[in-house]
Amino acid sequence: MIKRALNGFTTAWKGLSLTLKHFFNAKADKKIKSVEHSGYFDQTEGIVTVQYPKETIPVPEVGRYQLHVEIDDCIVCDLCAKICPVNCIDIESIKATEAIGKTSDGSVKRLYAPKFDIDMAKCMYCGLCTTVCPTECITMTSEYDRSVPHISDLNYKFANMTEAEAEEKRQALEQQLAERQAAKLAALKQDNKE
Amino acid sequence: MDFYILYILTASLIFAFIAVFSLFGVYAERKISAFIQDRLGPMEVGKFGWMQTLADILKLIQKEFIVPTVADKVLFTLAPVIIFVAVYLGFAALPWAPGLTPVSMNLGVFYVFAIISVEALGILMAGWGSNNKYSLIGAVRSVAQIVSYEIPIGFAIIAAVMIAQTLDLQLIGLNQGVLAQQEIRFFGFWDVKAIGGILAWNIFQAPHLIIAYIIYFIASLAECNRAPFDIPEAESELIGGFHTEYTGLRFAFIFLAEYAMMFLVAMFGVTLFLGAWNTPLPNIGSLKLADYTTGMFWGIFWVLIKSLLVVAAQMWIRWTLPRLRVDQLMSLCWKVLTPLAFACLVISGLWRLLLF
């Protein structure tokens with residue numbers, strides 16, 4: 001019995017001295033380092049808490065976080081929406097009547113995007129959309145802590161056209177199509193005559 | 001008439017002390033646990049979070065009293081009061097400084113020991129009145145535990161009382177320092193009455209009282225339902241044990257009683273074994289350290305420091321050792337602590353018979 005009691009005391013003391021060591025080591029914080037830092041795993045002592053909104057751990061550059069679309073660089077090719085495994089990207093396109101400008105890398109834009117929605121609530125952060133994008137306009141930012149009051153707010157809208165503008169473009173396209181159709185019919189008529 | 005005012009003043013002072021101690025005890029506990037686990041603990045409310053517990057109590061005060069429909073309303077309502085009052089009354093007999101005891105009585109040890117056992121009744125009332133199986137299991141465990149651990153704790157206390165030869169807590173305190181009325185011998189042979197200090201404490205007057213104090217300390221952890229003996233509360237298995245159903249101020253009172261109990265058993269142990277309000281500094285030749293540091297202010301200072309250190313040790317143990325199983329708890333009590341405490345009791349008797 002005495003042996004067991006002594007054993008109990010020595011093992012309890014082992015634990016108590018360990019916690020006491022941690023208690024007195026709590027004077028210093030661990031330095032906040034990026035995981036890419038060479039000394040990241042060397043800090044074994046000190047407080048581990050990161051007081052989050054005030055301090056943050058730097059995120060790796062290649063990390064996959066929130067999506068962002070630079071709509072001026074988008075050629076509305078719809079590749080991202082097609083590759084998306086969870087169908088969280090919803091794009092509507094209107095053909096322009098003529099080339100409407102160039103993106104920053106020189107691609108010619110021929111389509112308007114009245115609707116470019118990414119539902120981040122559905123997104124699984126695979127990053128496929130960013131790899132297929134021909135103009136690199138859809139990217140992943142280093143922001144990861146977006147919180148919203150309602151789930152619908154997670155449906156990010158990137159299109160910068162108003163409904164009126166979109167309607168105008170639609171009319172223009174219809175008109176152009178109608179004109180072409182008329183021209184075609186006229187040409188057919190002429191063919192038939194001859 | 002004047003003494004009535006004095007009574008009320010004393011009672012309110014003790015209550016104020018318990019409230020303040022509990023608030024900052026909870027804060028200290030959270031900070032100690034945080035540091036032990038390499039965390040920071042509360043940091044947001046006030047500088048280093050020092051107002052966190054004040055905010056918590058404000059929240060608790062505003063909460064609704066919820067009484068479960070199937071609860072026994074009388075028992076349920078009375079239980080927190082009884083739990084708290086039992087602990088609160090225990091403070092009445094504890095000496096704070098030479099001549100400063102809220103209630104001076106020649107049966108102090110017996111009174112404190114008896115009155116804190118009433119807490120078990122309150123806990124059983126809370127568990128039974130809640131009409132909730134977890135509460136009842138918690139309460140039954142708590143009562144079994146408190147009743148069992150009263151045996152080693154009682155033997156350990158009697159071992160100290162036999163050395164001190166009195167049940168008056170003020171006199172026990174008096175006879176452990178330079179103000180002693182009887183002769184004091186360090187380990188039974190060296191007269192240290194003039195030297196005082198740590199050498200005159202009960203645990204050094206008779207060395208077996210060191211073991212008795214360790215037994216008392218372990219058993220007192222069980223008495224106040226603290227880890228590693230917190231099976232009555234056992235958050236992970238019983239939710240909160242006997243206080244599962246309590247909300248608001250009623251819960252606050254149970255919590256208050258728990259922290260007051262920690263301080264009470266610490267101070268009781270300090271009074272019986274660790275020199276009560278006596279200074280740990282001895283007189284060395286012409287350097288009369290013990291004489292300098294004895295008095296009203298110093299008495300309160302030393303008893304507070306000693307008790308708070310014991311409370312800190314209780315917290316340290318809580319955040320280190322895992323919870324015991326019910327059978328381990330009982331076998332520790334009946335197979336280890338009780339025989340050892342009984343041996344201490346016998347040694348105390350022989351000590352008195354053979355040495356004086």
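A Cβ is built for glycine as well, from the same backbone N, Cα and C atoms used for every other residue.
Note: TrEMBL annotation is automatic and uncurated.
TrEMBL lists B:6-27, B:74-97, B:109-130, B:151-174, B:194-219, B:251-277, B:297-317, B:329-351 with the feature transmembrane segment.
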Region pair the transmembrane segment (B:194-219) / the transmembrane segment (B:329-351), three or more CB pairs under 8 Å: yes
For the transmembrane segment (B:329-351), sequence-distant contacts whose Cβ falls under 8 Å of one of its Cβ atoms, 6 or more beyond its ends: 144-145, 148-149, 151-156, 158-160, 162-163, 188, 206, 208-209, 211-212, 215, 218-219, 222, 229, 231
Contact between the transmembrane segment (B:297-317) and the transmembrane segment (B:74-97) (at least 3 Cβ pairs under 8 Å, separation 6+): yes
Outside the transmembrane segment (B:6-27), six or more residues from its ends: residues with CB under 8 Å to it: 42, 49-50, 52-54, 56-57, 87-88, 91-92, 102, 255-256, 259-260, 262-263, 311
Long-range Cβ neighbours of the transmembrane segment (B:251-277) (under 8 Å; 6 or more residues past either end): 18-19, 21-22, 25-26, 57, 60-61, 80-81, 83-84, 86-88, 90-91, 94-98, 109, 112, 116, 119, 122, 126, 157, 160-161, 164, 169, 172-174, 176-177, 198, 200-203, 209, 212-213, 216-217, 220, 223-226, 243, 298-300, 302-303, 306-308, 310-311, 314
